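Features as listed in TrEMBL:
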- A:17-82: domain 'HMA' (DOMAIN)
- A:102-122: transmembrane segment (TRANSMEM)
- A:134-156: transmembrane segment (TRANSMEM)
- A:168-186: transmembrane segment (TRANSMEM)
- A:192-210: transmembrane segment (TRANSMEM)
- A:348-369: transmembrane segment (TRANSMEM)
- A:375-401: transmembrane segment (TRANSMEM)
- A:661-677: transmembrane segment (TRANSMEM)
- A:683-704: transmembrane segment (TRANSMEM)
């Protein structure tokens, strides 16, 4: 199946190191083939292996080659890449794998015990039945001990904190059913419930595995988008040589060299050189900021045009970014108190079920049925009410919904995010990068084809946001780049090159201008190209859709008042401008104090604390790393509609979940009297359990169609 | 009854075989990159490959 399996000579293996990169640009089989075939042709790279689902590439290489060379090699193939730290998702993958193993074991046990049980139900008697019971016990006991661990451990945790959760009634039911069945087997009795206990574990594990699968899948997607912040810096030593130092080992007073295109790893002041920096991560402002000697620069900013030397002032936990991260941490605390709907349901459910079982036992004792029969009936009540359908009701619906949203470009981090999204009743939007695209978009309509082609030829050579915006606009218009030679980027001035013997340039227009602009010069003629940060094309439609769901929206932005007010008028929204991260946080807290449940949509790091404090939050895929991590969901692409869709699907999901709960309760209303009157045999328990689970899953599958337009 | 002496071990053995195959395939990382596996079938083998 796997076409390109890199073969590594065993002798080399000791001297190799492996580095992993996240490569978000991997989109098709061609990309995999290109990476795995072309990379090993670079000197020192032995093998490359792509993981398409996680958008990662693992490279086996000579330790002499640094991360920059590998990044460059990937870049030469046309892929933007970032080295990733060692296995950040390892723990979660481990948990998911443990669940999958438990599911496999439970599936094996269920099939074999069921095979024996069917023979008993069809009339096996006497020694055959005893033999089959013993065989069932032999299979079921180790299976239950192994597969039940996730539930037993969680139930024990809850009980030792004097709380109860979904796993407590499950564990009690399974353990009692097993104990009773074992007793029946030893005494040669007729009713052993091994298949019910194992089947229960299997269905519940399926729910858990689905839940874990959803989390890892979307987190891998988000992880692939992360990693733009500087992780190391080139420190200039006393002798003028540079060495790479990880961000954690930097110290104030160090002089670092920041190359064009590199992200800063700490706060500092520019000592030498002029350049422009992209501060979008910190402020959300899309226009590049010119810096020269003396300017303060912050970690997370990207140096755009020319190398600068920076004297570090604040490192590691003292940087402006770390301060915001702390605010986010504190703001996120309130969210950990949120109680998932399944646990809320089980808080009501568990006491009812347990008292019913106790009542059944006492009732039959009073009626004079004897210890054994009373106990059998009480345990039958526990088995039949064990929240099998309930354990599946929530994860099944949420997994189907998140899968449907994933196809529409929205990654929801976990089930609790969906539950909170459904409850939101007011929405706050950041402006730049959220309502707008956040990247300058050039107006090239006024240029003739030749000028466009020269402009593209020049703009392609630079990482400056304006150049990139211009290049993107030209490429969208189907322009072929002209062969511009000798392109140089002059810091603070622009791009200069030669084309057909003429001097051509993209330069900074004269005078202070209101709008972002650049001037294209070809020979002696000059034209001004203006840039706008346009609204996302469906922003108005999205806001209307939200209003249709009863969610009023407003703007909460850190930008200047004038552009915010203009946009608020255009969209017909209330707006608050020039809000600091603390002010945004305060606005959210005020709403929550009023009993509202705010949905925050924002991208900048300055939105981070607000994202963490909101009842639910969504960030665009272009947002800063920290914001994406703080948000409950991330949407990808140029459309804003996934935000409205997320709320709509989340509400439909909760409707389905409530239907599933209602079904479970209705099923119990019929089944519990049967159990109370001692009519539940192992056969009836098994049928009831699988039918209710299948109905719940089938009902949840209806959500797959919920995102169809 | 004597048939059971053969049939039950066979049934159990086959079930165990399936379980072992599943655990092995998971440890081997066959479920790590499901989308990638679906795409890799489309990659054309080059002549010089083993």
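Using the three backbone atoms N, Cα and C, a Cβ is placed for every residue, glycine included.
Bear in mind that TrEMBL entries carry predicted annotations, made automatically and left uncurated.
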Fill in the blank from the handout: Spatial neighbours of the transmembrane segment (A:168-186) not adjacent in sequence (6+ beyond its ends, CB under 8 Å) are 130, 133-134, 136-137, 140-141, 144, 148, 151-152, 155-156, 158-159, 192-194, 196-197, 200-201, 204, 346, 349-350, 353-354, 375-376, 379, 382-383, 385-387, 391
Practice task
Could you tell me whether the transmembrane segment (A:102-122) and the transmembrane segment (A:192-210) are in contact, taking contact to mean 3+ Cβ pairs under 8 Å with a sequence separation of 6 or more?
Solution key: yes
Handout entry: Contacting positions for the transmembrane segment (A:683-704) when only residues 6+ beyond its ends and CB under 8 Å are counted
Key = 114, 117, 121, 193, 195-196, 199-200, 203, 380, 383-384, 386, 388-389, 392-393, 396-397, 399-401, 403-404, 649, 652-653, 656, 659-660, 663-664, 667, 671, 674
Fill in the blank from the handout: With the cut-off at Cβ under 8 Å and a gap of six or more residues from its ends, the chain residues touching the transmembrane segment (A:375-401) are 166, 169-170, 172-174, 176-177, 180, 191, 193, 196-197, 200, 203-204, 206-208, 210-211, 213-214, 340-342, 345-346, 349, 353-354, 356-358, 360-361, 364, 369, 412, 415, 418, 649-650, 652-653, 656-657, 660-661, 663-664, 667-668, 671-672, 674-676, 678, 680, 685, 688-689, 692-693, 695-697, 699-701, 703-704, 706
Practice task
Sort the residues of the domain 'HMA' (A:17-82) into helix, strand and coil with DSSP and give the three counts.
Solution key: 23 helix, 20 strand, 23 coil
